[in-house]
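Novice: Feature table excerpt (Swiss-Prot):
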- Ser188, Cys221, Pro222, Gly223, Gly224, Asp240, Asp260, Asp276: S-adenosyl-L-methionine binding site (BINDING)
- Lys305: active site, proton acceptor (ACT_SITE)
Amino acid sequence: MNRLALYCRPGFEKECAAEITDKAAALEVYGFARVKENSGYVLFECYQPDDADTLARKLPFRELIFARQMLVVGELLKDLPPEDRIAPICGMLLGVVEGGGELRVEVPDTNESKELLKFCRKFTVPLRAALREQRTLLRQENPYRPVVHVLFIAPGCCYVGYSYSDNNSPFYMGIPRLKFPADAPSRSTLKLEEAFHVFIPADEWDERLGSGMRAVDLGACPGGWTYQLVQRSMMVQAIDNGPMVPSLMETGQVTHHRADGFRFTPEGDNDWLVCDMVEKPAKVSALMARWLVNGWCREAIFNLKLPMKKRYEEVSQNLATLAQVLKENGINAQIAAKQLYHDREEVTVHVRRIWGAIPGRRDEREFRRREQRD
């Protein structure tokens, strides 16, 4: 198995291919990407044996922007016999994976492939039993062992492979299953909820998304992102010249400032800054840098709207510029970006300041005083 399969949003195969080619080369792994437009996945074929496994282990999945999932696969299995689809799949995995912890029978995220989902769910049960019988899978699921993947791209045609549980997406098809809240102001609320799932480890939610925290939402109207912050019992300053939905204002947790998000200056410190404004990505990232450099927030989640062409290059340049500005100002920060399932022509970025790395900075001293006061 010397191919890497990467799931992505249909229409972004070229961006996904450009990214994996760049990231692989940085690890001195070389190959070429096979791209089929609107297929929802990309194949990266490595020139050297075992290089796909090297990428699956050493290339941090969290650093990939356009990939929803990353796995090692073999040759395409074609024309699986309807009377026995299981034997060829088991044969390809025999001796490749031992003691896998989970089986996922998946499809690309396309309208055509979704017709196969019902089959995949039914097929999973007998296939899992057969793989356990030959010890490719453990008898019980184990979240710390490799995940076995079967990716059906058409009836009777699939790629078979595996991913490492500590370097993949934990979600089926790489997509978190979120339910739209009936009382949310807009569907954009799911973007921020998904961002929390992707960027913030579940065991850190109470600490980093806790009750009573202070947050600012730039470009808040009508309140989709503010809704998520309110649900986490935060106190929110909503910045927008437009109206907020009355239900959010009635909570008593939201203060609405009718102001331009690019001109607003907070009076105090904040734990969170979120921003989903429709503006050029360079302008938004510069605004985020200003907030972080001035110590106006600890963490930020924001969207960068993508141009029609050179989308990977545009995002890479904006992230590099942001990182450089923070570095020049003595800010030690973690930066991550991902095109989420609920994103469209955009990517979502998360920045977290690393506290204690820059002792004595003005903003750190102010936070320490506030913590002592509280």
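The backbone N, Cα and C atoms fix where each Cβ goes, glycine too.
Help me see these features in their spatial surroundings.
Specialist: DSSP assigns Gly223 (S-adenosyl-L-methionine binding site) to coil in the three-state reduction, outside any helix or strand. The Cβ neighbour count for Gly223 (S-adenosyl-L-methionine binding site), using a 10 Å radius and every protein chain shown, is 29.
Around Lys305 (active site, proton acceptor), the same-chain residues six or more apart in sequence whose CB sits under 8 Å from its CB are Val278, Glu279, Lys280, Pro281, Val284, Glu345, Glu346, listed in sequence order.
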Novice: Counting other Cβ atoms within 10 Å of each residue's Cβ, which of the binding-site residues Asp260, Asp276 comes out lowest?
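Specialist: Selected from the binding-site residues Asp260, Asp276 on minimum Cβ neighbours within 10 Å: Asp260.
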Novice: Within a 10 Å radius around the Cβ, which one of these binding-site residues has the most neighbouring Cβ atoms: Pro222, Gly224?
Specialist: Gly224
